[in-house]
Amino acid sequence: MTRPVRTRFAPSPTGFIHLGNIRSALYPWAFARKMKGTFVLRIEDTDLERSTEASVDAILEGMAWLGLDYDEGPYYQMQRMDRYREVLAQMLEKDLVYPCYMSTEELDALRERQRAAGEKPRYDGTWRPEPGKVLPEPPAGVTPVLRFRNPLTGSVVWDDAVKGRVEISNEELDDLVIARPDGTPTYNFCVVVDDLDMGITHVIRGDDHVNNTPRQINILRALGGEVPVYAHLPTVLNEQGEKMSKRHGAMSVMGYRDAGYLPEAVLNYLARLGWSHGDAEIFSREQFVEWFDLEHLGKSPAQYDHNKLNWLNNHYIKEADDARLAELAKPFFAALGIDADTIARGPDLVGVMGLMKDRASTVKEIAENSTMFYRSPAPDAQALAQHVTDAVRPALAEFAAALKTAEWTKEAIAAALKAVLGAHKLKMPQLAMPVRLLVAGTTHTPSIDAVLLLFGRDVVVSRLAAALA
């Protein structure tokens, strides 16, 4: 009988979480949802020097923002130390591990000799018990590490869902340290116990872990566990072709929120960064879950493309509810010095979003492009001299007069504009440009009738009148 699917995301809370990291949560989440399985969150916090509470918060916040909900956890490895020690004791009883007294200095010297002889540097099994072998006398006052008895012959073979068949000779693997002198278990051991206890059936993770896999499989088999399906994801490259990292300028997951990206756009982009469904570029969360499979995971490194993300975000902004965008835009307005009271006194923010969103790649950009609605106009003197000429002033005055009594609809504003253009034999830009400048303070706006409608009759008429006085 097939086991129910159980996947996991097991980040180390040692700082920064970027798109490359969070992708290792997205794919196991999607696979668990697709297979009606269980998605487990496990925090691998055994690196006490580098693990921080702030990093844990960043992981949880990033997952929540993208909607990557977990069914179990978060489990913390530091809270499972008693369990690891229990398994270590069982392994000692079964002779699966042995104490090794080789010092760091002795190990370094051994590796230097091996390198000088052109050999692969590795532990040579000095303290490994074998029938008929006489072990050295344990040095006084030295607490040993515990090493796992790796098989000496044969191979570790697994069918990787991304890489295909992988075979590693056991002769390539030395006896791994699985407990330090103070009894603290090491990373590769903790991972195996966790995956075994948590019944993980599919391990979907970055291929920087692939070298750990044969060691973990051997420990898992020694403990009588069933080997999960492994899928090792190729790395994510930045736009310069380097591995994505903070050092190479990667932005944190929440940095995208703070830059005005929508979570559905980032999730859609991230899904395509190493997986595909035919030619589909745009798809909902529900479609992604329905379509996701391990067979279509990419086998080559995926390269981040900021322009592609902007294109996707623009699509989702255009699809988004204007009231939602208005709420998302408020912090960006605040950063520009436009507070809630100012917004309340100005044009309807929801209407502004509806008008301005089509041209924007981010919510931040919508806010930046919409400040004209909430600030007094300060048109450039050169632009005024160019557009507000004596020749056009009579037409401006007539247009202002017409707007005092016109019905305040987009259609009526457009009709008034058209009538004045006809009466004064002007082309649209000759009147629209000075109106934009005097009302909005800029010549760069969407259609003039829509902009004036949002500003409102009183503001439009008073600004035109003041400029013509």
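In case you wondered, yes, glycine gets a Cβ from its N, Cα and C as well.
Marked as ATP binding site by Swiss-Prot on the basis of sequence analysis: Lys246. According to DSSP, Lys246 (ATP binding site) sits in a coil region rather than a helix or strand. Around Lys246 (ATP binding site), the C-beta neighbours below 8 angstroms that are at least 6 residues distant in the chain are Gly15, Phe16, His18, Ser252.
Among the features that Swiss-Prot reports, compositional bias 'Basic and acidic residues' is placed at 118-131.
According to Swiss-Prot, the region 'Disordered' annotation covers 118-139. Within the chain, the region 'Disordered' (118-139) has long-range Cβ neighbours (under 8 A, six or more residues past its boundaries) at 95, 98-102, 107, 110-112, 147, 149, 172, 174-175.
Annotated motif ''HIGH' region' per Swiss-Prot: 11-21, in sequence order. Per DSSP, the motif ''HIGH' region' (11-21) is made up of 3 helix, 1 strand, 7 coil.
Below 8 angstroms of C-beta separation, residues 15-16, 18-20, 235-237, 304 of the same chain, each at least six residues beyond the ends of the motif ''KMSKS' region' (243-247), sit close to that stretch. Positions annotated as motif ''KMSKS' region' by Swiss-Prot: 243-247.
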Under the DSSP assignment, what numbers of helix, strand and coil residues are found in the compositional bias 'Basic and acidic residues' (118-131)? 0 helix, 0 strand, 14 coil
Average the per-residue pLDDT over the motif ''HIGH' region' (11-21) and send me the rounded value. 89
